[in-house]
Structure formats: structure tokens, C-alpha cells
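Have a look at the structure below, then the notes.
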Amino acid sequence: MDKKHILCFLVLLPLNMALISAESEEGVNQTDLGVTRNKIMTAQYECYQKIMQDPIQQAEGLYCNRTWDGWLCWNDVAAGTESMQYCPDYFQDFDPSEKVTKICDQDGHWFRHPDSNRTWTNYTLCNNSTHEKVKTALNLFYLTIIGHGLSIASLIISLIIFFYFKSLSCQRITLHKNLFFSFICNSIVTIIHLTAVANNQALVATNPVSCKVSQFIHLYLMGCNYFWMLCEGVYLHTLIVVAVFAEKQHLMWYYFLGWGFPLLPACIHAIARSLYYNDNCWISSDTHLLYIIHGPICAALLVNLFFLLNIVRVLITKLKVTHQVESNLYMKAVRATLILVPLLGIEFVLFPWRPEGKVAEEVYDYVMHILMHFQGLLVATIFCFFNGEVQAILRRNWNQYKIQFGNGFSHSDALRSASYTVSTISDMQGYSHDCPTEHLNGKSIQDIENVALKSENMYDLVM
């Protein structure tokens with residue numbers, strides 16, 4: 001293509017792109033084909049500008065001239081060499097991490113395919129493993145939806161239990177309720193965001209305000225999850241380490257930390273994104289502005305890690321004071337740690353880096369998706385379904401139901417069931433000490449002894 005044709009193209013292409021933009025502003029829906037065409041035309045325009053502006057090759061010897069092959073722009077290349085660059089992102093089945101190659105023959109001409117006798121660029125690697133990657137991506141997508149769906153169902157059941165049984169009401173249960181509610185909201189918004197926004201390429205390309213608001217809410221609620229986790233850690237640390245005999249804690253500060261503080265990084269990110277990287281519905285991760293969101297979350301995780309280690313240290317010390325068998329003491333400390341690990345989000349500390357290799361990357365993706373998107377189910381299981389007092393209350397109400405409607409149980413069977421329930425409640429003192437006695441102020445020696453043993457019994461929830 002000579003300079004005259006290039007100049008003509010440079011004049012006509014902006015007019016064509018302006019017409020496409022005008023159609024978008026008038027409300028004409030852009031299809032995937034229209035988005036792809038716009039990307040290719042933009043790349044072609046930039047390529048021809050580069051061809052015109054770059055200085056002429058002054059090196060001696062034969063070389064292939066700079067050119068546009070229809071999808072990518074190629075610089076001058078010395079004869080007998082192979083040029084290489086990454087695959088374009090025009091098509092959904094193209095992998096931008098793969099490479100495109102173009103060969104310059106020994107005579108200084110671009111390689112021609114023997115079948116068509118036309119210049120040819122090797123794009124075969126761009127979609128070589130597309131089928132497998134699409135299959136993996138779909139599996140991860142369905143895994144994400146299933147994880148959030150199970151999380152929503154389990155968290156709603158947990159909230160019904162906590163609200164229905166008034167005997168479970170206490171400050172820590174209140175924190176649990178807020179934590180559960182933040183996970184429910186985040187799961188709902190995540191499902192909507194993935195199905196309605198992230199999968200709609202035309203919507204993402206038009207970059208409307210509605211999808212930016214959706215991304216803002218998604219990032220805010222994600223922050224709420226981690227900061228309500230931090231609230232749980234702060235509460236436990238205050239209760240067990242800082243002030244065992246403290247009066248009732250003020251929950252207002254926990255509400256501010258859990259619901260209020262995440263608004264700050266979310267708003268700062270929204271302002272910065274609108275000013276410096278206002279594209280693709282703010283979904284693109286190719287920007288350092290995401291550190292505005294991830295920085296406070298990482299800080300919350302590190303603080304919670306400190307709380308975890310300090311709580312375990314105090315628990316081991318207190319368990320030694322009780323003069324129990326050493327193996328039993330450390331077993332309870334390990335179990336307490338296992339309860340706190342998912343609460344504090346240690347999975348991001350254990351898996352901070354993405355490994356190299358096809359199999360390793362796939363395993364990493366599955367593990368991270370399970371850890372991230374099944375968190376709600378995990379939290380509901382640990383703090384509700386494995387809660388000893390919740391199990392005792394449900395068992396007691398079930399036994400009362402069977403006695404009331406007389407499902408063939410004798411009077412002695414009913415008495416034995418009631419006796420077993422009472423003994424179970426006496427044994428399961430995890431939340432019994434956590435709720436009614438958490439506000440003691442050293443009124444009696446027996447009360448003080450009970451509170452001293454509270455940290456040991458608090459984690460007898462999974463026995």
C-alpha cells in the first residue's frame with residue numbers, strides 16, 4: 001500500500017469511527033461483531049499513523065517493510081528472521097497470552113502461504129487451546145455461581161435460626177448476623193454482576209454509568225466482608241486477650257468499621273477510576289488503582305493474622321493453667337486455630353502467588369475459587385451449624401415437637417431425651433459462656449473462675 005492510499009485511509013477512518021460512536025449514543029445496541037470491528041479499525045488507524053511517522057529503515061541489507069496484516073501491525077524486519085508479538089483480544093476465542101509469528105524470507109519479502117500464495121501470519125496458536133480454556137472458564141463460572149448460591153441459602157437459614165431463638169441473642173451473635181448479612185449482599189451482587197455485566201461484552205464496551213455503579217457496589221460489599229471479619233477478630237481479641245472482665249462492649253464502633261469504613265476506599269477508587277482509567281465498566285484489572293481496594297483489605301487480613309496468633313498464644317497459656325493433659329490442650333488450641341483461619345481469610349496469605357504451568361494454574365484457579373466463593377457457606381457452617389448451643393437448642397425443640405405430637409415415644413423415652421438435652425447444654429458451653437457471662441465484672445470468685453475457663457470452652461464447638 002503506497003502513501004497515497006494510506007493518507008486516504010487516515011482521512012476516511014475517523015469519519016467512519018465517528019459514525020459508529022454516533023450510533024452508540026443514539027441507543028443502537030452494539031453487537032460483539034460491531035465491538036470487534038471497532039477495535040480492528042482503531043488498531044489499523046494507529047498502525048498506519050505509525051507507518052507514516054516512523055523513520056525510514058537506514059540499516060544495510062535486505063529487510064521486510066512495515067505492514068498491516070489485517071489484525072496486527074508489524075515493523076521493519078531483517079531478512080531471514082521471525083517477528084513475534086502477542087495475540088490480539090478482538091475475539092473471545094483468542095488467548096492474548098499466546099504468540100503470533102510472521103516470517104521474513106531471505107529475499108526480504110514476507111512469507112507467503114503455499115496454498116494461497118498470499119502473505120501469511122501465523123495466528124494458529126491464538127485459539128489452539130481455546131476449547132480447554134473455555135471449558136475451564138465455564139466450570140469456574142458455574143463453581144462461582146454454585147458457591148454463592150449455597151452461601152446465600154446457608155446464611156439465610158443461619159440468620160433465621162439466630163433471629164428465631166431469642167436465647168442466642170448476645171453481642172457476638174449480633175456480629176455474626178452482620179457478617180452473614182454482608183456475605184449475603186455480596187453474593188447476590190456478585191451473581192448479578194457476573195451474569196448481567198461481566199458476560200455482556202457489548203455492555204462493557206459501551207461503559208455505561210449503571211455498570212460502574214454495579215462494580216462500585218460489588219467492591220464496597222467485598223470490603224465489608226473482610227472488615228466484618230476484622231470486627232470478629234477485634235471482638236475476640238478484646239474479649240479473650242485485652243479485657244476478660246470488661247463491661248459490655250460498644251457495638252457502634254464495630255458498625256462503623258464493618259459498614260462505614262469500606263465506603264472510603266470504594267469512593268476513592270471510583271473517583272480515581274473515573275479520572276484516570278474510565279473504561280470497561282471498571283472491570284479491567286490492568287491498573288494499579290485496584291490497590292486502593294486491595295490495600296485496606298490486605299491490611300485487615302494482616303491485623304487479623306496478628307489477632308489469630310495472639311489469641312492462640314493466650315489460649316495455650318490459659319489451657320496450661322487448667323492442668324489438663326498436654327496433648328488435649330494443644331489439640332483444643334489447634335481446633336481453635338482451624339475455626340479462626342477461614343474467619344480471618346488466611347487463604348490469601350497461603351496462596352499469594354499464581355504458579356506457572358498449565359496444570360498448576362488450573363489447580364490454583366479451582367482452589368482459589370472454592371476458597372473465595374464458598375466463604376459464606378464456610379462461615380455459616382462454623383458459626384451456626386457447628387455451634388454447640390445451636391445444635392442443643394434445635395435438638396431440644398425437635399424433641400419437644402416429637403413429644404407434643406406423640407410420634408410413638410413413651411414417657412420414659414421423653415424423659416431420657418430431655419435429660420440428654422440438659423446434659424448436652426451443660427457440656428456445650430461455647431456460646432453459653434460467650435453470651436450471658438461475657439459482661440462479668442468480677443462480682444464473685446466463682447464467676448471469675450468461670451470466665452477464666454471461658455476461652456477454653458468457647459471453642460468446644462466442633463466436638
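Placement of Cβ uses the backbone N, Cα and C atoms for every residue, glycine included.
Between CYS73 and the candidates CYS47, CYS87, CYS104, Swiss-Prot records the disulphide bond with CYS47.
According to Swiss-Prot, THR174 and GLU361 sit on opposite sides of the membrane.
Note: Swiss-Prot links CYS64 through a disulfide bond to CYS104 (candidates: CYS8, CYS104).
Among SER210, SER327, SER444, the residue that Swiss-Prot annotates as phosphoserine is SER444. When Swiss-Prot is consulted, the disulfide partner of CYS126, picked from CYS87, CYS170, turns out to be CYS87. When the Cα atoms are compared, GLN249 (site 'Required for RAMP3 interaction') and THR287 (site 'Required for RAMP2 interaction') turn out to be 41 Å apart.
The listed stretches are 175-197, 209-237, 252-272; of these, 209-237 has the most Cβ pairs under 8 Å to the transmembrane segment (289-313). Counting Cβ pairs under 8 Å to the transmembrane segment (175-197), the top-ranked stretch among 139-163, 209-237, 252-272, 366-386 is 209-237. Long-range Cβ contacts of THR287 (site 'Required for RAMP2 interaction') within its own chain (separation 6+, distance under 8 Å): ARG273, TYR276, TYR277. Ranked by the number of CB pairs under 8 Å to the transmembrane segment (139-163), the listed stretches 209-237, 252-272, 366-386 are led by 366-386.
Residues 171-172, 175-176, 178-179, 182-183, 185-186, 189-190, 192-193, 196-197, 203, 249, 254, 257-259, 261-263, 265-266, 269-270, 273-274, 281-283, 293, 296-297, 300-301, 303-304, 307-308, 310-311, 340, 343-345, 375 of the same chain lie 6 or more positions beyond the ends of the transmembrane segment (209-237) yet place their CB under 8 Å from a CB of it.
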